[in-house]
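So that you can see what the record holds, here are the features copied from TrEMBL:
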- 86-95: compositional bias 'Polar residues' (COMPBIAS)
- 125-191: domain 'Glutaredoxin' (DOMAIN)
- 85-105: region 'Disordered' (REGION)
Amino acid sequence: MDRFRGDEHREIHKPKASMLNRSMTVHNAANPIEFPEKPIYFYPSPPPIERNGSVKKLHSSSLGSMGSSFKGTVKKLCSLFESRKPSNLQPQSPTKPAKSFNSDSRVSSFSDLGSTLPGTKDSVVIYFTSLRGIRRTFEDCYTARMILKSFRVKIDERDISMDSAYKKELQNVLGQKNVTLPQVFIKGKYIGGAEVIKQLNEVGELSKLLRGLPLRPPGYTCEGCDDMRFLPCSNCYGSRKYFDEDEGQLRRCPECNENGLVRCPLCCS
């Protein structure tokens, strides 16, 4: 009985066959596939590198070969371009050194121009424009005026944008129809434009030209026009017309310009 119980016990603990049991699902191939063995290649080992000076030798050898090839290429290109140059070229003349601004010759040349402004021997006259239509012209006029005002001399400013008669006057004095602005006269003699004024100021010759002219007090401003040089006409009040009682009709005012303005009697007398 004990033997049967032992067998029964062994049958109870015997593992059951299942589909997931690998031991039951192993299939032995009748004719197994034989894969050929991969050939083994033996490459020759690189030569040993000498530690002492091997890198320097390699670097110097590569640079030497590259430098020689580069020099050879440059020589070929130079010979190619030299062969294409025409043989009848004239030798170039050496460049002349730039002339320096000689203040003495420049100042003496002003008297040779022959352009003089009568009635202005004791003053500075500048023809300019206050309009900002052309930026470069406005900046040149402003620069020339500021340089002259820094010497505190009395300046007769003639704005052609406020009175067209000044433009005609300047054309007659210079003998040219197309004139550029600004134009400066010192002691009745014609000096030039903004560039001449700036150069004379840089070399210190402008102060010599202005020597002897009457000076204005520091911070002085005209009480009549506030340095605007013009006032509204007191006859037509800027309308440029007045009523003629004798003829009973309007007439053009003879005292003001085309803008209805007259020169300030205090600063422009």
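Any Cβ shown, glycine's included, is placed from N, Cα and C.
Because the structure is a prediction, the values reported are computed rather than measured.
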Secondary structure tally of the domain 'Glutaredoxin' (125-191) (DSSP, helix then strand then coil): 25 helix, 17 strand, 25 coil
Local confidence of the prediction over the domain 'Glutaredoxin' (125-191), expressed as mean pLDDT: 95
